[in-house]
Each structure stands twice: as C-alpha cells, then as structure tokens.
Amino acid sequence: MGSRSSHVALIPDVDQIRRETGFSQASLLRLYHRFQALDREEKGFLSRLDLQQIGALAVNPLGDRIIDSFFPNGSQRVYFAGFARVLAYFRPIDEDDATLRDPKQPEPLNSRMNKLRFAFQLYDLDRDGKISRNEMLQVLRLMVGVQVTDEQLESITDRTVQEADEDGDGAVSFLEFAKSLEKMNIEQKMSIRILK
C-alpha cells in the first residue's frame with residue numbers, strides 16, 4: 001500500500017476546493033483521508049461500489065439516490081473535488097459566514113436554498129423540475145418500506161402532493177417544495193457535524 005501523508009498540500013486543487021465548498025483546511029484533510037480510505041485500490045477516484053461501503057448510506061433509504069448525486073451526467077467516477085462538493089451540501093451553516101458573505105458571490109453550497117435544491121433532486125428523478133406523484137410515491141416507498149400498506153402509501157402520496165401543489169398541476173415544483181418545507185429546520189437535518 002502506498003504512503004498516505006497528512007499534509008493538506010497533497011490534495012489536488014485544495015485552494016479552489018476550499019473556496020467552492022467552504023470547508024476549512026482541517027476538514028478537507030479529514031475528508032481527503034476518508035476519500036483515500038474508501039479508495040482501497042488507490043485509483044485516485046471512487047466508484048459507486050466504493051461509496052456503497054459507507055455504512056450510513058447503506059442503511060439510509062435514500063442512500064442510492066444520494067450516491068447517484070456524486071455521479072452527475074452518467075459519470076462512473078468521482079474524484080476528490082466532486083466528493084467534497086457533494087459533501088459540502090451537508091456542511092453545517094455557519095451564521096458568521098452568512099453575515100459576512102459578499103452578496104456578489106454565489107450562495108455557498110451549504111445555504112438553505114442549496115440544501116433544498118439538493119433534497120429536491122433526490123425526488124425529481126427525471127430532472128424535469130417537478131416532483132410527480134409517481135416520483136413522490138417512489139421516495140415514500142423507499143422511506144417507509146413495508147411498514148404501511150400500498151393503499152395507505154397511495155393515500156399519503158396523494159395528500160403530500162396535494163398539500164404542496166399550489167398551482168394544481170398535479171406535481172410539486174421546486175418553489176412549492178421549498179415553501180412546503182419553510183418550517184422545517186433543513187439546515188440541521190442536512191448537516192453532518194463531524195465535517196465542521
């Protein structure tokens with residue numbers, strides 16, 4: 001097995017990744033070590049199979065969809081920069097960063113709106129900008145498994161879509177999705193404290 005150093009300078013494009021993700025150098029170093037540990041064959045990239053070894057994703061009902069987010073546009077590999085970018089959505093929001101942020105700069109990946117966009121994409125499988133009843137049903141089925149009957153699940157799905165669908169088109173747009181989650185503390189629910 002090759003040498004695995006603990007120096008942040010060994011991370012390719014570390015400064016750009018730090019700017020894009022908002023992770024500190026210490027957090028990036030921890031993530032890089034995790035990336036290397038998952039890359040058991042030292043290929044320099046991760047495959048879906050590598051990510052399926054993460055226990056928290058293996059037991060998460062949306063684990064496969066979260067793993068899919070690491071591989072946009074049908075790619076089969078994720079390099080460290082892409083790995084860090086996806087995990088940045090789960091970085092806790094630092095209120096100091098929010099007040100000091102330059103409004104001319106793009107919103108950080110871990111902002112409330114970007115966390116909501118990430119969550120929305122877990123539902124919007126066909127990427128048409130709307131969550132159809134069928135897409136909602138698929139996600140709810142993953143989340144509840146066999147704990148409810150198909151009839152109950154159909155009813156829950158219909159009620160969920162109906163409550164969020166303000167324009168009556170039978171689907172949930174991103175704005176409707178965001179509005180339906182206004183009162184939810186998405187910042188806390190989509191945060192991994194160990195990465196701070």
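Here the Cβ of each residue, glycine as well, is placed from N, Cα and C on the backbone.
Annotated N-myristoyl glycine per Swiss-Prot: Gly2, in sequence order, evidence recorded as sequence analysis. According to Swiss-Prot, the domain 'EF-hand 1' annotation covers 26-61. Residues annotated as phosphoserine in Swiss-Prot, with a large-scale study or a structure entry given as evidence: Ser27. Marked as domain 'EF-hand 2' by Swiss-Prot on the basis of sequence analysis: 111-146. The Ca(2+) 1 binding site feature in Swiss-Prot is assigned to Asp124, Asp126, Asp128, Lys130, Glu135; the stated evidence is sequence analysis. Look at Swiss-Prot and you will find 137-148 tagged as motif 'Nuclear export signal'. According to Swiss-Prot, the domain 'EF-hand 3' annotation covers 152-187, on the basis of sequence analysis. The Ca(2+) 2 binding site annotation in Swiss-Prot covers Asp165, Asp167, Asp169, Glu176.
Overlay of Swiss-Prot annotations on the structure.
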| residue | record | Cβ neighbours (10 Å) |
| --- | --- | --- |
| Ser27 | phosphoserine | 19 |
| Asp124 | Ca(2+) 1 binding site | 22 |
| Asp126 | Ca(2+) 1 binding site | 10 |
| Asp128 | Ca(2+) 1 binding site | 10 |
| Lys130 | Ca(2+) 1 binding site | 19 |
| Glu135 | Ca(2+) 1 binding site | 20 |
| Asp165 | Ca(2+) 2 binding site | 19 |
| Asp167 | Ca(2+) 2 binding site | 10 |
| Asp169 | Ca(2+) 2 binding site | 11 |
| Glu176 | Ca(2+) 2 binding site | 20 |
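Of the chain residues outside the Ca(2+) 2 site list Asp165, Asp167, Asp169, Glu176, Lys130, Ala164, Glu166, Gly168, Gly170, Ala171, Val172, Ser173 have their Cβ within 8 Å of the site's Cβ mean position. The Cβ centroid of Asp124, Asp126, Asp128, Lys130, Glu135 marks the Ca(2+) 1 site; residues of that chain outside this set whose Cβ lies within 8 Å of it are Tyr123, Leu125, Arg127, Gly129, Ile131, Ser132, Ala171, given in sequence order. The secondary structure of Asp126 (Ca(2+) 1 binding site), as reduced to three states from DSSP, is coil rather than helix or strand. Within the domain 'EF-hand 1' (26-61), the DSSP-based counts of helix, strand and coil residues read 22 helix, 1 strand, 13 coil. If you average pLDDT over the domain 'EF-hand 1' (26-61) in this model, you get 92. The separation of Asp165 (Ca(2+) 2 binding site) from Asp128 (Ca(2+) 1 binding site), Cα to Cα, is 16 Å.
Candidate recorded positions: Ser27, Asp126, Lys130. Nearest to Glu176 (Ca(2+) 2 binding site) by Cα distance: Lys130. The recorded positions recorded for this entry are Ser27, Asp126, Lys130, Glu135, and the Cα of Lys130 lies nearest to that of Asp165 (Ca(2+) 2 binding site). When DSSP labels each residue, the domain 'EF-hand 3' (152-187) comes out as 22 helix, 3 strand, 11 coil, counted as helix, strand and coil in that order.
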